[in-house]
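Working notes, structure below.
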Amino acid sequence: MLLPWLILLPFIGGVLCWLSERFNKWAPRYLALLVMGLTLLLSVLLWLQGNYSLPDTLALPQWQAIFFMPWIMPLGINIALAIDGLSLLMIVLTAIMGIFSILSSWSENQPNQGAYHFHLMWILAGVMGIFMAVDLFLFFFFWEMMLIPMYFLIANWGHKGSEERAHVNAATKFFIYTQASGLIMLLAIVALALIHYQSSGHWSFAYHDLLNTKMSALTQYLLMLGFFIAFAVKMPLVPFHGWMADAQEQSPTAGSVDISGIMLKTAAYGLVRFTLPLFPEASIQFTPIAMTLGVISIFYGAWLAFKQTDIKRLVAYSSLSHMGFVTVAIYAGSILAYQGAVLQMIANGLSGAALIIISGQLYERTGTRDMRMMGGLWKRIMWLPALSLFFAVATLGMPGTGNFVGEFMILFGTFG
């Protein structure tokens, strides 16, 4: 019964944040922090209650906690939630990133704090739902639901140093990319459910029912592409990355933390949880193409990152490179590479979010995110440059950091 509360707490907390601003302008901050603290506590309690482990990428998940409630019965749509080791790790990461995103904007004088934290909390609620949904229609509902508050977060509370038009343009580009790809996934989900209905005689969007759906090789390949394109846009992979740098640059610090820390990881989770198990033969056939896109993303993302002068754009393109590693690992078919991918997602989420928070703090103190204008900071604010150096080294994947271990496991598992 704890599972729905991981979603309901941020949902309800967001509404309370919106209403509480009428009484005290600081109340939304404290309420949001309290709610995400409780969410993290619930996720830790779930961890202590179960025997969680990471399965192979193609193995069926071993659910440790399940929640089921009928929803739209004529179509076989239910509120079905479940978690295993992978989803719980992502839930804990989401709760931690949620706390960091709230704290990162604590001292910022954002207008309409209640509405600001409302959108922030609903993004987190949507991400929580993605990591727990085992009904494909419910998964799509949460997938699309988190995009709407993110759009308003970018458009209404974007980077202070940019014009409002830049905020709206970045938000619109983000929304078009993700909504268009989401529509393709919806068509694939409905087609899969229709094929299952034709073979079984009853409607169902349940994960375990659709796993055994029989279809032709061509149909399976086309449906797999529908899922892959949606996830490739969100990860993102080259050539679907056009939205990311602008969205990162124009987002408020909290929004950028959510994009880099957790939103990109929902796509990798979708590949592991849905694309590979639902379409195993098509995924094997598609592996050379997926791994090629991953390798291109690694090098192209790194090349673009080298050219940046804005810290947030640099972090965005470094994340593109890291998610290329994750894609290669997912399609490598190796348990070691898969475990490295999970570690890489967690390490990249933490180091990328840390650099974004630091960039926000530097902007508050210097009025710029241009690295060419930041000389002499060691003498003025020594602790910020020191932290920047540490997390930059971590993002580079130097030995002794989580990124290095994750990338080493990915390379060893892929080529070993």
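Each Cβ is built from the backbone N, Cα and C atoms, and glycine gets one as well.
Small disclaimer: the values here were computed from a predicted structure and weren't measured.
Annotated features, as they stand in TrEMBL:
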- 315-347: domain 'Rhodanese' (DOMAIN)
- 27-48: transmembrane segment (TRANSMEM)
- 60-81: transmembrane segment (TRANSMEM)
- 87-106: transmembrane segment (TRANSMEM)
- 118-143: transmembrane segment (TRANSMEM)
- 174-197: transmembrane segment (TRANSMEM)
- 218-237: transmembrane segment (TRANSMEM)
- 282-302: transmembrane segment (TRANSMEM)
- 314-335: transmembrane segment (TRANSMEM)
- 341-360: transmembrane segment (TRANSMEM)
- 381-399: transmembrane segment (TRANSMEM)
Open item on the list: Three or more CB pairs closer than 8 Å, sequence separation of 6 or more: does that hold for the transmembrane segment (87-106) against the transmembrane segment (27-48)?
Closed with: yes
With the cut-off at Cβ under 8 Å and a gap of six or more residues from its ends, the chain residues touching the transmembrane segment (381-399) are 315, 318, 322, 347-348, 351-352, 354-355, 358, 361-362, 365, 406-407
In DSSP terms, the domain 'Rhodanese' (315-347) comprises 31 helix, 0 strand, 2 coil
